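Features of the protein shown, as given by Swiss-Prot:
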- R17: site 'Transition state stabilizer' (SITE)
- Y22: active site, proton acceptor (ACT_SITE)
- N74, H80, D87, L101, S102, R111: substrate binding site (BINDING)
- H100: active site, proton donor (ACT_SITE)
Amino acid sequence: MDVLLLNGPNLNLLGSREPDYYGTQTLDDITSNLTKIANNVGLTFEHHQDNSEAKLIKYIHNAVDNGVQYIIINPAAFTHTSIALRDAILAVGIEFSEVHLSNIYKRENFRKQSYFSDIAQGIISGFGPQGYEFALQAAIQHIQQLERL
C-alpha cells in the first residue's frame, strides 16, 4: 500500500456533525474520491477512521510492514492531546501531512495547539474536504520523487 489515510475521533459523523465547520460530505464521499485519484496515478490507497487512539497507533505501527510510503492524518481531537500518536509517527519514520477540515487557528484557543504540526511535511487546515485532495497531491509528489531516486 502506498498511501495511508487515518481519521481520528468523530470523523465518522461527517455530513451530519456541525456542517458549518465540517461541511456536508460524508467520510465515505471523501475517501471514495481520494481512492479514485490515487488509483488514477497507479497508487494504492487505504483509509481507516477510528475513535480509539490505540487502534490508530496500531495502524501507524503496521504501516512500515504494509509498504506505506506516505501517511495523511486528520487526528481530529487527538491533535491537541495525543503525544502517543505523535510518537508513533516519529517511530515509523514515514513522511506525513496533517489535515483539518476546519481552520483550527480560527477556532477555540485549545484547538490551536497541535502535537503534529512541527513534525509534519505540511499542514492543510480550513479547506474542507478539498484539504484531503491537497494532501494526497503532496503524497503523490513525495512518492514520485522517491521513485526517481
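Backbone N, Cα and C atoms are what each Cβ position is placed from, and that goes for glycine too.
Computed from a predicted structure; not experimentally measured.
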Y22 (active site, proton acceptor) CB neighbourhood, other CB atoms within 10 A: 20
Rounded Cα-Cα span from H80 (substrate binding site) to H100 (active site, proton donor), Å: 12
Greatest C-beta neighbour count within 10 angstroms, which of the binding-site residues N74, S102: N74
H100 (active site, proton donor) in three-state DSSP notation: strand
Neighbourhood of L101 (substrate binding site) by C-beta distance under 8 A, where only residues 6 or more apart in the same chain count: L14, Y21, Y22, G23, N74, G126, F127, G128, P129, G131
Residues N74, H80, D87, L101, S102, R111 [recorded substrate binders]: greatest CA to CA distance in Å: 24
H80 (substrate binding site) to R17 (site 'Transition state stabilizer') - Cα separation in whole Å: 19
